[in-house]
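TrEMBL lists 81-267 with the feature domain 'FAD-binding PCMH-type'. Annotation comment: TrEMBL describes 189, 199, 200, 201, 202, 203, 212, 257, 275 as FAD binding site. According to TrEMBL, the feature Mo-molybdopterin binding site maps to 554, 585, 699, 866. Per TrEMBL, the feature substrate binding site maps to 589, 667, 701. Per TrEMBL, the feature active site, proton acceptor maps to 1048.
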């Protein structure tokens, strides 16, 4: 067939045409002193990018012609779709809709249908009749009236937003104050995608007690028009009686909300909206409000309406305050938070200036898979094309935290069409054990946490499998005691055997020499990994018991071993392959096996490929989090803040199995001195056995917990003495020749170098004076400024784990395939390894490729973790490349002018092996965990951070204003990737410390099961100004190509943000006359910041005795 485009057909265009277009539109790019053209920049983004066909808008997929031609027919007819469980009806007239409302009063009437998915998925609701009002003309109009703007019930929030903005631009300011606040609230209402389909009537009728719009409408005195088939139309005012109960309105069961009138404001009326939540964008409100005040000519209040959401089962009016405020005129608390222009990142130093043949290591090279990932071409496990007979698996998990299993009835699930089988412990041919990760593959007799895996349903689709899994009936017998929190574990002495204990110096003498002693407690709660790609597995059975497994895991060898153990097969029959992960952060180190092994068991039993991709809620309930910690301390110190003695008890919440909890505790112990010298020290660490999902590895791995505790003690000492925390930290810094308590050089000179550079780059002292001045001039808004250091050891604590292997093939065309034991999860490991291979072989990066990580190419590889992968696998690849270089030396000597491809061809003809293995083990490290003496780390990575933060003392809200991050990464292999790691780690650490909140009830039920109620940082949480500085001229002889590990250490930089918040709170407490000493645990959420300000308002709400009530959630 001939294309209608003729000679302009895209198939006839050459690559040159594309480059001509690109070059004609390109500009030169200058980045960090390196000038390059736009085309050159494109060339490094991906292999053979120039071979792609050029983009032409004329070749976009066309809109389906049938929908264009028959548009009116499709939109002008009633649509009724009947499914096995749901009937969907879309009427086209108001009369038809009223008849449906009369006929089906309990049917769900929807516009965007944004609430139904949540209710059916998480609340197990069923709606057999759904009526869509999107095509009813009487509900989709917008018109101006004398009273205000009349908005049809089916008008979307995006349409409403546009119409309100148009009137704000054209009408007098005083008339549109209500409109402006609705527009402002819509900016933070859900996401743009939701606003594009959700309607104003949906928000009103849903009657959520935390609706963001309803308080505004009630405060404004909006009116609604309701209509029924039999009684006609009536108008209701949205007042104190409109929302009459939990998710109930004053509308009758047979009525439809036809329209809403949002009134104009009057010249003497002022209107405000308020929303308090953990995160500004796309977050559910904790409390929200609409506020209207009418002022007299003397600026006294003569009318006030305060409508609040989140204060009860329905919206409430603060009637007493509304009455009391009449006649008052103090509006000083209405000052907004600072709004600063976003500034771009700065990068200084750390580029490798050594002369090299390829100019590769040390250069700014984009992530090797950046193009594929940003265009959606990157293939993850669930993107893999299914085979013809592939089936899907859904897990059956416990709903109880601690109970005996009496019966399991899966008959109803097996009767569902499409269900293939139910898999349980009896189907495990080998050992029903996962060792330390989770005692068993499938629980048989007892469950010890909610989310404990009991079985699995296999079906021909994921939806059917999940629906059938919910139909499994399990009868339990509750057991006690249920241990959820660290305090529960202490009360019931529920600990894993083998506490960790260290002692150095003379503790009693240290306390005797101290002028002051102080005791206290410090708590750091957990954090969910919330990687973009949930854990996913595909298991494909082969011949003679072979099994090929594709898994999103940081530890393919662990998955291989546990599958082999469960199937009763040797490991050589199991191949685990990982091409890439969509994030890991430690959560896919051991716990990928929790669903991967059941998937392999199902594939083995059915002899069919099985796919198991966890939904977000399944992932969050069946996998563990970061370990919560509780520290109880006694510290002795002198008047200048110098610490002389520290006695510390550490408790970590390990969960229902041990997993890596002792390793996390050991790392916390080793990190407890942070950057500070403490001569006399005693630490006892215990791992609590509780009835929550087993906690596991997480970026920072005990280091963040230990450092947080160390820094909190520094702050507490400073508060006690009434001096700046900055001075206490400096008084306790390690000096150049100081050793840590376990006998390793502490790197005091590097600590001080990063500290001084951060003081300089952040302009700390000038800004300290400005912050103090701001706080003196403002009562209800305060700023804080804090600077904190970082020292993080790089190595696995078990010395045998510090090894890595690699395999390098050179093909006869000169191309090179590199395989190593590390996995790629977005951190850029493969890119750095390719750079190092390029440098060693002295060939361009374009000739080198890394396909995947697999257990049949590099065996016995350890987890990609601990910030050591660049060192272990980069140096293993370097060893393999050097072996190849040595083999090629005679050929190069014979053909001194030959190019690479010619050298390889000659070597092949001479029978030289073009394949080599490489192995690297970190030398000279090891520590006795019983005595805590030795050299546990290959080296330290250092840094410092200074952060400025503003708080609202009345709401507890906060805003990051500026952060300056300094990291010593040695001679960076790739500064661009390292800076990305620093930014990402800081932001993730900020989420741990000031945002993310895991909610678990006292009986162990998990409430945070997805993005609806668990919020990670978003764009609005990023500092208005973020500067990243890499320390120059700091080669590290112990690291790969003189670099330092950078994956985990920058997470600790976020401590500066937490202590900046504490600094701001201290300023607020000073104004109210409260003590500068106060406890602030992590995460410091708005309610904690608000109450810590301790002003005359918060004092009206004294802390309630915890024993006097049952809390909704508990601190783990």
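Every residue, even glycine, has its Cβ placed from backbone N, Cα and C.
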Next item on the list: Determine, to the nearest whole angstrom, how far the Cα atom of residue 189 (FAD binding site) is from the Cα atom of residue 667 (substrate binding site).
Entry: 42
Checklist line | Cβ neighbours of residue 554 (Mo-molybdopterin binding site) where a neighbour is any other Cβ within 10 Å | finding: 29
Margin query: I need the neighbours of the substrate site defined by 589, 667, 701. Which other residues of that chain put their C-beta within 8 angstroms of the C-beta centroid, in sequence order?
Written below: 586, 660, 663, 664, 697, 698, 700, 702, 865, 866
Checklist line | Closest of 589, 667, 699, 701 to residue 1048 (active site, proton acceptor), Cα positions, binding-site residues only | finding: 699
Next item on the list: Give me the non-local Cβ neighbours of residue 667 (substrate binding site): same chain, 6+ apart in sequence, Cβ-Cβ under 8 Å, ordered along the sequence.
Entry: 701, 702, 703, 706, 797
Next item on the list: Would you count the other C-beta atoms found within 10 angstroms of the C-beta of residue 1048 (active site, proton acceptor) for me?
Entry: 26
Next item on the list: Take the Cβ of residue 589 (substrate binding site) and count every other Cβ within 10 Å, whichever protein chain it belongs to.
Entry: 26
Note to self: Using Cβ atoms only, which residues of the same chain lie under 8 Å from residue 202 (FAD binding site) while being at least 6 residues apart in sequence?
What the structure shows: 110, 111, 112, 114, 115
Note to self: At 10 angstroms around each C-beta, which of the binding-site residues 189, 585, 701 has the fewest other C-beta atoms nearby?
What the structure shows: 189
Checklist line | Cβ-Cβ distance under 8 Å to residue 212 (FAD binding site), same chain, at least six residues away | finding: 185, 188, 189, 203, 275, 285, 288, 309
Note to self: Same chain, not part of 554, 585, 699, 866: whose C-beta falls within 8 angstroms of the C-beta centre of the Mo-molybdopterin site? Give them in sequence order.
What the structure shows: 584, 586, 587, 589, 697, 698, 701, 863, 864, 865, 1047, 1048
Margin query: Neighbour count, 10 Å Cβ-Cβ cut-off, for residue 866 (Mo-molybdopterin binding site): what number do you get?
Written below: 27
Check: If you measure residue 200 (FAD binding site) to residue 554 (Mo-molybdopterin binding site) at Cα, how many Å is it?
Finding: 45
